[in-house]
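Over in Swiss-Prot, the protein carries these features:
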type	residues	note
DISULFID	Cys22-Cys37	disulfide bond
DISULFID	Cys31-Cys43	disulfide bond
DISULFID	Cys36-Cys80	disulfide bond
DISULFID	Cys84-Cys88	disulfide bond
DISULFID	Cys122-Cys184	disulfide bond
DISULFID	Cys196-Cys204	disulfide bond
DISULFID	Cys301-Cys333	disulfide bond
DOMAIN	20-60	domain 'Chitin-binding type-1'
SIGNAL	1-19	signal peptide
Amino acid sequence: MKEIVRALEGYGPPKDKAAEQCGWQAGGALCPGGLCCSQYGWCANTPEYCGSGCQSQCDGGVGGEGGCVDLGCANTPEYCGSGCQSQCDGGVGGEGGCVDLGSIISRSTFEEMLKHRNNAACPAKGFYTYDAFISAAKAFPAFGTTGDVDTCKREIAAFFGQTSHATTGGWPTAPDGPYAWGYCHKEELNQASSYCSPSPAYPCAPGKKYYGRGPIQLSWNYGQCGQALGLDLLNNPDLVATDRVISFKAAIWFWMTPQFPKPSCHDVITGQWSPTGHDISAGRAPGYGVITNIINGGLECGRGWDARVEDRIGFYKRYCDMFGVGYGSNLDCYNQTPFGLG
């Protein structure tokens, strides 16, 4: 069940900031409000930040895919909601697109996908709820709403496929099959390691451990995640296992955030990631298998057949079938070199 999901620093820093804000310098964090992340890890929407070397969101939140209000353009709820003048789906909906995550995954579908999560034998009984998931997802407007309807559904299937494996309580002969037992756990079973790798920007708090918690079993990178969510997770890592909305937010943050040199899981499943020649040489082709490589490639990929990889695929296929969408290609990572190793 343990997942090792470790995230790995534009121009001069604002005078009131002491640490980089985004990009690889900040653990892959994105700038708030769609601002550009410069090559040096700072946020703004000027040409110096959004031009050469820009790491992410390089239209600065003012490009052609956002909704338009009287003071500018972006694709956040503040711009695309009340008072929006045009293109109010923010570039993620429209004809064949998906604006409302609730229209992609309904409460009844959520319950059927995770039908045994509240079994008396599950340590996470009563913790994971549909309302918490939907509430958390609102902090990430592009999650599950990017592309056409099939792409949106496939992203949700992939997200729950990976997180269900991370939290599974299933076994081969389990009632309704092993892939109906996702979200049975909320904390890593082996909590002996502290998963502490201190740095000046993210010092480990005395007595705190950063083992796997929540749907994605977030490990190590509580500092980066907390910074992105506006929370002190270094001193309060248990929030990821005690606050159900924060738990889902942490998982979706990991899903949406590139981890240098890895792309984000979101960009892979929505077709926005294009492999480099180096990726192609390493066997990393677009598909669900690359997401497994992003999450736990160092332990599961490039080693031939692996039961853990098969388990991830099994959950994903079940959910795709429920949504009525195809699986895509390249589902495993058996012949992929892990990111960072080649």
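Each residue, glycine too, has its Cβ placed from N, Cα and C.
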Rounded Cα separation (Å) that holds between Cys37 (disulfide bond) and Cys43 (disulfide bond): 5
Nearest-integer angstrom distance between the alpha carbons (Cα) of Cys204 (disulfide bond) and Cys22 (disulfide bond): 20
Among Cys31, Cys184, Cys204, the most crowded of the disulfide-bonded residues [Cβ within 10 Å]: Cys31
Rounded Cα-Cα span from Cys43 (disulfide bond) to Cys301 (disulfide bond), Å: 34
Candidate nearest Cys43 (disulfide bond) in space, where candidates are the disulfide-bonded residues Cys22, Cys184, Cys196, Cys333 and distance is Cα-Cα: Cys22
Pairwise Cα distance for Cys333 (disulfide bond)/Cys196 (disulfide bond) [Å, integer]: 28
All-chain count of other Cβ atoms within 10 Å of Cys43 (disulfide bond): 26
